[in-house]
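Undergrad: Once you've had a glance at the structure underneath, I'll fire off some questions.
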Amino acid sequence: MSKQSQHVLIALPHPLLHLVSLGLVSFIFTLFSLELSQFGTQLAPLWFPTSIMMVAFYRHAGRMWPGIALSCSLGNIAASILLFSTSSLNMTWTTINIVEAVVGAVLLRKLLPWYNPLQNLADWLRLALGSAIVPPLLGGVLVVLLTPGDDPLRAFLIWVLSESIGALALVPLGLLFKPHYLLRHRNPRLLFESLLTLAITLTLSWLSMLYLPWPFTFIIVLLMWSAVRLPRMEAFLIFLTTVMMVSLMMAADPSLLATPRTYLMSHMPWLPFLLILLPANIMTMVMYAFRAERKHISESETHFRNAMEYSAIGMALVGTEGQWLQTNKALCQFLGYSQEELRGLTFQQLTWPEDLNKDLQQVEKLISGEINTYSMEKRYYNRNGDVVWALLAVSLVRHTDGTPLYFIAQIEDINELKRTEQVNQQLMERITLANEAGGIGIWEWELKPNIFSWDKRMFELYEIPPHIKPNWQVWYECVLPEDRQHAEKVIRDSLQSRSPFKLEFRITVKDGIRHIRALANRVLNKEGEVERLLGINMDMTEVKQLNEALFQEKERLHITLDSIGEAVVCIDMAMKITFMNPVAEKMSGWTQEEALGVPLLTVLHITFGDNGPLMENIYSADTSRSAIEQDVVLHCRSGGSYDVHYSITPLSTLDGSNIGSVLVIQDVTESRKMLRQLSYSASHDALTHLANRASFEKQLRILLQTVNSTHQRHALVFIDLDRFKAVNDSAGHAAGDALLRELASLMLSMLRSSDVLARLGGDEFGLLLPDCNVESARFIATRIISAVNDYHFIWEGRVHRVGASAGITLIDDNNHQAAEVMSQADIACYASKNGGRGRVTVYEPQQAAAHSERAAMSLDEQWRMIKENQLMMLAHGVASPRIPEARNLWLISLKLWSCEGEIIDEQTFRRSFSDPALSHALDRRVFHEFFQQAAKAVASKGISISLPLSVAGLSSATLVNDLLEQLENSPLPPRLLHLIIPAEAILDHAESVQKLRLAGCRIVLSQVGRDLQIFNSLKANMADYLLLDGELCANVQGNLMDEMLITIIQGHAQRLGMKTIAGPVVLPLVMDTLSGIGVDLIYGEVIADAQPLDLLVNSSYFAIN
């Protein structure tokens, strides 16, 4: 029996109440059965109590069986006393009933699968054997032996038949019933069909018993119709109800079966032929559907065989014992055997002995369910006895009951790859020996997979044990903190400029500080991007010590030489120039001879901005800002200008006296140019080069702020393309992108210079028309819509047509709230699309009312969803992008069901709340269900769970206290409970957050994205994780702005000692990009599919956390 089948299906919180309910059910069915016994036999002709006990034993753990037997027996005895006298009680019969129930339950557990006991006809035959044949026969024998009577054969037959009929009528229903089956009848169609079928079956069965000959033949036809029409559960319920009604009619009037219906037979003598044909026709159609399904399965198997046979890599079906069941041509060519020869061998016989044990360990994990698939590099013997390398990928096919059937193996030839690796290794050994003789360490950095490779000398230089895997963090921690920023900048600049670099820095070693000189060159890929860096490290400590001695003798020379790549100007105490290097001469336009003795600000024409005021005091620059952010411009005397950043260093004598200063000026023109490009990317759509939503909303806010002062009227237009998705689906995304660019140019050509056109997302556009009335706005919008409707887009020789709809709202003194005008334009646009597309609609108040009626969810329905409807907790696995298999943290999202059965996600549901109490109530239910149903299992698995906590819940001291009380009373360690809190709420509710952290909970700040102002107030002890906004991560692999923002957030997180979480991540390329940035954790489909929390904790295996 599988582990799953060993779990107890039912575990009620009140067992005593459940036993009482069983006793009451047994009492009712016993009363019914005993009523039937009053028309002719001492034994009941139809007996249900034994079947009730049998089902109860089957569905409950063995420790509850005594209680079940006692409660059901008391129900039987009570029914007997109610109908008969106390003296008529026969405890022997009750004991026999218990023996039959125990035997039947044991047999059913052995013969049937646990989760779905009745899957096919074979299962039903095993059910009949275990409940309707063996137990009744055993009971009949015991009755004859223990209570002998005048006619033992009659007693035996009545007992066996009554028990068998009761078992076949009740046991299937009892085995199939599950509480969630009742939820299916929320579907009105299924409920109506079930009730109608029940009513028709009972009515026609009643009429058959009263007026038709051979009534049971008619009833058989009716029950077959019910079986074909309805699902199993409903069909077995109708069978039980029909049996009870017919038996009750027979008990009330035994003469029903003896009365011939001569009148009907005289008028319809051929009626039996109809009864012969109906079941045959029904079964013919059922078998036809079954054969069609078998044909479909056969076709699928044929497709699989063809795909396997003609695959370019080796594929095989392998038995659970290792025998080759089926192989394709590629595998046969790789191993040198024919298919017939491989069938006589096992993979163990062909595997290199050193790889066999590792392979078998993975096979055991696969069979036990610990893993779903595995891959490894392994060696095989081919027919000639040679060892060949292969990349093996294996998955397991299981039977519906979970039994392993066979393995699917993919075996790819990597022999040439291994030979190349061996050649490269030998070459590397020769290079290493040569460099060891010269004391030079060689390193390589592959950028995309982020892999570092060091030779032996590198480990010796950094005094790092050879078993430690080198990476950026290992190297970065070795660098002296004072040199880290400069080193990182040099490397980043080299990568951006795709040029070699030379870098000198210091590292910390056991004996103190070691000076390192690094030289590196880049290797470009086919696209011209840097693929990897190759470089050397040299120990320059002795040279540096000598240089330090020379620099101490002449500090001015030290500073000048150290800054030789930048403009260097020396001044005396009177601010007059005493030295200028060539770079300074070039940037200022003055030669050193001309500048000597001239005041500094006469030579250096520095302004704040390109056309800003002159700098009057060289010490007035904002040193708190970075080099790029300081908007300082140096104007050359001969023309031209430079964006610069400068620093001033005082010059001192040996006794500390100040003798002047050294001014170092850096040319940051390119850096500021990049910053401007990033600023442009942040405010413009990358595809159409129109303003994006953020820029559009900013322009709208500026326009709204001037309405009261200028008393002008403006127009806001929303434009939505029609049939764009059809072009995108039929011609491809490239065509869709080209169409958007062409339409953007078309619309832009029809606007004034002061108008603002923006792409809001997808196929939606926004248009701001300053100083424009409704009539003019309607005219402009109509022109645009007509132009779009008439536009012919040609792609790959085909003409595509799209349309557009527009909604207009007027902005004036009485209507200048951003959210309202955006909503009005959206509602007007919706009215245009709803009115037939290709239209222009001006907003009217009644449109908003109609839109609200369609979209709003009533408050009562929201409360009912929170309090009564089903709630599902979905778990999303979180792991490091560098080790995606290691998951020990799970983010929880919520799915709710509306009263119509529609699934609504948590964020959409919360956005519809008009009362903060709804968020508070939803939080309370989430925590209650988690601690009641999942906390114990989560604690036993040792995994960390992150639950959402809204701002309303966080602001409630009562809810926070209740949460901590539930946590204290549960077996869950507080460190395993993570709470997801919106980032903007952390400062306003710092006291509640600190209270949760002191209790041991971990805090996850969500919605961390484009607003970086929060980091000005965020402290290191406020939270543990930063959950990045999902939109920020979606296209990070192709969006430089998003990549820069995530890099900034990652830097802040490292500074604060927090970890970053990004997602959802769907593409491996996005995972690689986030890994390269240094993001700590990610979630999404590349890590694991989301699954219900109860399934996660009940069916998964975890390491000890």
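Glycine is no exception: its Cβ is also placed from the backbone N, Cα and C atoms.
When I checked Swiss-Prot for this same protein, it listed these features:
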DOMAIN    501-552  domain 'PAC 2'
DOMAIN    553-623  domain 'PAS 2'
BINDING   Asp720, Asp763  Mg(2+) binding site
BINDING   Asn728, His733, Asp737, Arg783  substrate binding site
ACT_SITE  Asp763  active site, proton acceptor
Undergrad: For each of the binding-site residues (His733, Arg783), count the other CB atoms lying within 10 A of its CB, then report the residue with the highest count.
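TA: When each Cβ's neighbours within 10 Å are tallied, Arg783 leads.
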Undergrad: Give the number of CB atoms, excluding that of Asp720 (Mg(2+) binding site) itself, located within 10 Å of its CB.
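TA: Total other Cβ atoms inside 10 Å, all chains included: 21.
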Undergrad: For the substrate binding site, please report the maximum Cα-Cα distance among Asn728, His733, Asp737, Arg783 in Å.
TA: 27
Undergrad: Would you count the other CB atoms within 10 A of the CB of Asn728 (substrate binding site), including those on all shown protein chains?
TA: 18
Undergrad: Through the lens of DSSP with three states only, how would you label Asp720 (Mg(2+) binding site)?
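TA: For Asp720 (Mg(2+) binding site) - judged by DSSP and reduced to three states - the answer is strand.
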Undergrad: What count of other C-beta atoms do you get within 10 angstroms of the C-beta of Asp763 (Mg(2+) binding site), across all chains shown?
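TA: Counting Cβ neighbours of Asp763 (Mg(2+) binding site) within 10 Å gives 21.
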Undergrad: What is the total of other Cβ atoms whose distance to the Cβ of Asp737 (substrate binding site) is within 10 Å?
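TA: 13, counting other Cβ atoms within 10 Å of Asp737 (substrate binding site).
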Undergrad: Please work out the mean pLDDT for the residues of the domain 'PAC 2' (501-552).
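TA: Averaging the confidence scores along the domain 'PAC 2' (501-552) gives 84.
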Undergrad: Take the C-alpha atoms of Asn728 (substrate binding site) and Asp763 (Mg(2+) binding site) and report the distance between them in angstrom, rounded.
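TA: Distance (Cα to Cα, whole Å): 11 Å.
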Undergrad: When DSSP is mapped onto helix/strand/coil, what comes out for Asp763 (Mg(2+) binding site)?
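TA: Note: Asp763 (Mg(2+) binding site) is coil by DSSP, not helix or strand.
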Undergrad: Nearest to Asp763 (Mg(2+) binding site) by Cα, among His733, Asp737, Arg783 (binding-site residues)?
TA: Asp737
